[in-house]
Amino acid sequence: MGTLGRAFYSVGFWIRETGQALDRLGCRLQGKNYFREQLSRHRTLMNVFDKAPIVDKEAFVAPSASVIGDVHIGRGSSIWYGCVLRGDVNTVSVGSGTNIQDNSLVHVAKSNLSGKVHPTIIGDNVTIGHSAVLHGCTVEDETFIGMGATLLDGVVVEKHGMVAAGALVRQNTRIPSGEVWGGNPARFLRKLTDEEIAFISQSATNYSNLAQAHAAENAKPLNVIEFEKVLRKKHALKDEEYDSMLGIVRETPPELNLPNNILPDKETKRPSNVN
C-alpha cells in the first residue's frame, strides 16, 4: 500500500469512527428509552492494512475462527472453530490438506532473544490437535502435532515427525523424521511404527472429508435452515409403544445426506432366500 492508498485508508477509517461516535451520542441523548441492537463484530477473515488473508476456495474456515493478516491457506485445508491464525507481523503459510483443530493458535515472531525473524510454515497433510500453540516454527509435510502441544520460535518438525499431546518444544529444537517427542521440555521418546506413520496421512484425509460436511452445513441460507427445522419436528420419533396405543404410524425420517467419502461404505443388504 503506497502513501496515497494509506491516506485513503486512514480517511475511510476516520469516517467510520465518526459515524459510530454519532450513533453513541444519539443513544445518550435518548436516555433510558433508546434501544441498541447488539451485533457481533467478529470477522472470520480480517486484513491488517494491506495484509489480507488468501484462502483457497476449496478450504474450510469455520465461522468462529479468526484468520488475520498475511495468512495463506492451501487447497483442502480446514481451520476449525475458535482457531486464531494471526499473521500481523510476519507470514503464516498453511499447505494443502492440513487441518488445524478447534481453539488452536498460530502466530509469528518479529523479534526474540536470538534476534531472528520467524514466519510460521505448516506443510501439506498436517494434523494439528485441539488447543495447540505454534509460534514462529516450521512444521513439514505429513506431521502430527498433539492436542495442547506448544511449539516455540525456530522449532522444526521434520516430515513424519510427531509431537505428543501437551508437549512443550523449546526454541530452535529440531525433531527428526519418524520420531515421537513429548514432555516438558519435549525430548525424544521413541521411533514411530509404519502403522503410525500411515495413520498421520489418514488422519489428515479424514479431517479433509469431514470439513466438506461442515462447509456445506455452514453455507446453508436461513430459509433452508428453518425448513429443515420443520422437517425435523415433523419426523420427530416418539416411543413405539406410545404410537401403538394411539394407532399412529409415523413416516420414516429422511436420512442425512453426507458426501460419500465421509462415512464408510455400507454393505448392501442381501434379500433373504425364499424357500
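Cβ atoms here come from the backbone N, Cα and C positions, even for glycine.
Marked as transit peptide by Swiss-Prot on the basis of sequence analysis: 1-43.
Residues near Gln101 (substrate binding site) in space but far in sequence (CB under 8 A, at least 6 apart, same chain), listed by position: Trp80, Cys83, Thr127, Ile128, Gly129, His130, Ala132, Met147, Tyr207. The annotation substrate binding site is assigned in Swiss-Prot to Arg86, Gly87, Asp88, Gln101, Asp102, Asn209 on the grounds of similarity to another entry.
Among the features that Swiss-Prot reports, Zn(2+) binding site is placed at His107, His130, His135. In the three-state DSSP scheme, His130 (Zn(2+) binding site) is classed as coil. The Cβ neighbour count for His130 (Zn(2+) binding site), using a 10 Å radius over every protein chain in view, is 17.
Annotated region 'Disordered' per Swiss-Prot: 256-275, in sequence order.
Among the features that Swiss-Prot reports, compositional bias 'Basic and acidic residues' is placed at 264-275.
Recorded residues His107 (Zn(2+) binding site) and Asp88 (substrate binding site) have their alpha carbons 8 Å apart, per Cα-Cα distance.
Long-range contacts of the transit peptide (1-43) within the same chain, counting only residues at least 6 positions beyond its ends with a Cβ under 8 Å from a Cβ of the stretch, are 49-50, 64, 66. Spacing of Asp102 (substrate binding site) relative to His135 (Zn(2+) binding site) is 17 Å (Cα to Cα, whole number). Residue density at Gly87 (substrate binding site): 23 other Cβ atoms are found within 10 A of its Cβ, drawing on all protein chains shown.
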